[in-house]
Amino acid sequence: MHKLLILYATQTGNALDAAERLSRLAERRGCLVFLLSLDQYDPSLLPQEEAVIFVVSTTGQGDTPDSMKVFWRYLLQRNLGQHWLKGVHYAVFGLGDSSYQKYNFVAKKLEKRLLDLGGTAIVERGLGDDQHPSGYEASLDPWMSSLWRMLNMIKPEFLSNGPDVVIEDTVLIDQPKVRITYHSIENVESHFSSASDLTSLNIQIGSARSMHPGKSSSDRSRPDSFLKTVKNLPLTRLNSGKDVRHFEFEFVSNALEYETGDVLEILPGQDSAAVDAFIQRCNLDPDSFITVSPREMDDQNAHHSSIPVKLKTFVQFSMDVDSASPRRYFFEVMRFFATAEHERERLQYFGSPEGRDDLYQYNQRERRTVLEVLDDFPAVQMPFEWLVQLVPPLKTRAFSISSAQSVHPNQVHLTVNVVSWTTPYKRKKKGLCSSWLAALDPRDGIYVPAWFHKGSLPTPSPSLPLILVGPGTGCAPFRGFIEERALQSRTNSTAPVIFFFGCRNEDGDFLYRDFWLSHSQNKGVLSEAKGGGFYVAFSRDQPQKVYVQHKMREHRQRIWNLLAEGAAVYVAGSSTKMPADVTSTFEEIVSKENDVSREDAARWIRALEKCGKYHVEAWS
Amino acid sequence: MNIAGWCKNILNSTFLILQDGTKTPGAVLACTDGAVLPISQVFDAIRELGNEGVEQRDPLVLTSATLLSKLPVDSSSVDFVILIWLSVDCPVDQLIQEILRVLKVGGTILIRESSQSDVGSFDKIISDLENKLLLAGFSETQVLQSTGIKAKKPSWKIGSSFALKKVIKSSPKMQIDIDSDLIDEDSLLTEEDLKKPQLPAGDCEIGSTRKACKNCTCGRAEEEEKVLKLGLTAEQINNPQSACGNCGLGDAFRCSTCPYKGLPAFKLGEKVALSGNFLAADI
């Protein structure tokens, strides 16, 4: 049987959506499809494949998504040779953002490597661009048309229904991926009756999230720990244009060990009223006990494989009902459950190529939530199975930890930017997680479900000199580094630290001002007396913009001296351009201080990276 | 000169140079940060380098090497440098640079770490040392089991064009992962690929196409927010009418120029409710 393998590498879910769409359209053409994430596929099997389609995203710094790293390394091996993929037909579709310098680098490199390894391209690579008015789909659809045409020409046996399939418009031919099983109350009580509050909560969250079809294989469903709020303090002045908070959390259940530079992932709570409104709108019973299982699983297994939870609990902990926007497929399926003529027509329009741009305006640009969409199409009644599959999964949000456990033994601190913005249609929107956190009060007794893992910033050893660049909330992990080093310096000698911070206004958003200042005076770890330094760029305190790069140039000799002593560089912050600008500034400094060309300086910086002495953690 | 007499000389002075640093073929320089260095260690190291006939050579021995800012040896005159390092700290970059200077092209450095510290920190020291060597411009580094590290002076100097083929990750698990067999992925990109993508013209206009980045720093996001003209008269709010018939159905049905965009659905003739999140300064 001729099998089409579709491999995707997704970071935020876009590549997965695109791959799923590709998969659906292939199946409608009579193709046998295997859809896998790149981290589920063994690269050594690649030469045996007949046809492979890659759908890969490029992340902000031009990097591969996490799920692709191992696969990519395998492919880069020199000893594979130029005939390794002889006979393998491939096609690559990339998702990227042309406002980044390294636009779609992952797809571009992948395609070239596949060619060099002896593969045969079915069609030219397709590049999706977030900056296009209707996003990546503008490129995907035409690219897919050529894909089917070419595939049909070179391997007609693949598409048994032919390359152009006319869909019977009145019938939904796809089936939901999940099935819902309802359980009677007696069978369920036993799981929770003897469990304490926290244990019960842990089980419920774990069960709900593990049953959800959107769960990725690497996720841990049960929270590592629960936290309670001890402090929630503003770090910015009111009306300064920014709202950044300092949080101090304490472990409630088992305390975990973490290191500076680690990442805390939080599951945000959803507004109870919104969850109730969703359940009511969809005519569901919030108190019924359910389990969710893959549709192909038989009755016996479905009944016993997961712990039943209340429908309301499932929605609350795993389905994002009032924040993330649904995808185009949600609208396609909705159409078949529209009972009103004008709604059905509108949904048909949205699903067509002509209506794609308008759908993008209405949905993605406006950040329309599922609840808002259902309210806009009040006559639509979607079965719960489809809702579970198509409502965006509730995602955890990751933050760099801003404390050192050696200094605050039972605590974890975070520095959070509370996000809000106005949509093109002038509606006010808030970030789900940051707003939820901002509303937390130590007295309300709310538990915060949390997971810990390593980020891209390895904990520095005390004898490693450091150059830190962290404007805005980028300073968060460095607060941990510095308070830890300050503690270490009391018993042993520690290496110097230079820290470049940046913000808008000295009296508006100078985060942790007193903390940095206290360590940069009195022979503290940031003091010049100790070989270190603390320098701040206030971008808006004068007519011309002053950023961290400018401050770095001012102190380039100090920077070079520390680099020559073997310092490691850490760059952190929220920005598309900042990391690249900072790297460029380092290159400039190395070039000037050593009187070598820019290219050689750039190579030297790249060598630093490869030696594990140049780390970047950038978030958007 | 016999060994005994030679050792006596070492004890009497801080620096001892046995012979001139002449340009003899197969010249060997041995350095140590210690004050004394048994000659047997030097010969052991020479043997480890595996060259026959090396025993016939007269190694130059420098002790207390940390006190020297420059090695009193001519540039590119030595085939082998043996560094017997006692201290826990890495040799400073200056010494490594000097060694690079005196080595001939293709010459080898062999560093023996003989500190008494436990294996754990030994691995870390070796890993740091390897990084230092690479950054200084050595190539073909090779870690020798629990004794030290070896490297070559390449035929290029730092500053001229070279591609770093070795990739070292100094992870906390103290594993040295040498990816010498991976191609350089940046070589897969063409000139065309590397050019900054062309953004659509008129990009800074606040329009429906290009939107401000989520973390906008140039001020565009605030400009977009300011383009706030409601464009609705009181009459339109209190007694809404719709020629197309779609305005009251909600955003999903409105066309792009609809004045009621962003407002909730309404019934014709009934006052439009300005919902709580619309135009409100605070939520």
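Quick reminder: no glycine exception, Cβ is built from N, Cα and C everywhere.
Just so you know, TrEMBL annotations are computer predictions that nobody has curated.
TrEMBL has this to say about the protein:
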- A:10-15, A:57-60, A:95-104, A:D130: FMN binding site (BINDING)
- A:R367, A:R397, A:A398, A:F399, A:S400, A:G431, A:L432, A:C433, A:S434, A:W619: FAD binding site (BINDING)
- A:T473, A:S539, A:R540, A:K545, A:V546, A:Y547, A:V548, A:Q549, A:D581: NADP(+) binding site (BINDING)
- A:4-148: domain 'Flavodoxin-like' (DOMAIN)
- A:222-465: domain 'FAD-binding FR-type' (DOMAIN)
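A:R540 (NADP(+) binding site) is surrounded by 16 other CB atoms, counting those within 10 A of its CB over all protein chains shown.
Among the binding-site residues A:Y103, A:S400, A:T473, the ones whose Cβ sits under 8 Å from a Cβ of chain B are, in sequence order, A:Y103. The binding-site residues shown are A:A398, A:S400, A:D581; of these, the one with its CA atom nearest the CA of A:S57 (FMN binding site) is A:A398. In this view, A:A398 (FAD binding site) is surrounded by 14 other Cβ atoms within 10 Å of its Cβ, with every protein chain counted.
The local packing around A:S57 (FMN binding site), expressed as other Cβ atoms within 10 Å of its Cβ over all shown chains, amounts to 28. When secondary structure is read from DSSP and collapsed to three states, A:L432 (FAD binding site) falls in the helix class. Cβ neighbour counts within 10 Å, taken over all protein chains shown, single out A:S400 as the most crowded of the binding-site residues A:T10, A:S400, A:S434, A:T473. Using CA atoms as reference points, the binding-site residues A:T473, A:R540, A:D581 were checked against A:A398 (FAD binding site), and the closest is A:T473.
Rounded to a whole number, the distance between the Cα atoms of A:R367 (FAD binding site) and A:Y100 (FMN binding site) is 22 Å.
Mean model confidence of the domain 'Flavodoxin-like' (A:4-148) amounts to 91 (pLDDT, 0 to 100 scale).
Cα to Cα, A:V546 (NADP(+) binding site) and A:T10 (FMN binding site) are separated by 36 Å. With respect to their backbone Cα atoms, A:D581 (NADP(+) binding site) and A:Y103 (FMN binding site) stand 16 Å from each other. For A:Y103 (FMN binding site), the count of additional Cβ atoms within 10 Å of its Cβ stands at 22 [all protein chains shown].
For the binding-site residues A:T10, A:D97, A:T473, A:V548, a Cα to Cα distance of within 10 angstroms from A:S400 (FAD binding site) holds for A:T473.
Across the fold, the C-alpha of A:S434 (FAD binding site) and the C-alpha of A:T473 (NADP(+) binding site) stand 13 Å from each other. Cβ neighbour count for A:V546 (NADP(+) binding site) (all protein chains, 10 Å cutoff from its Cβ): 16.
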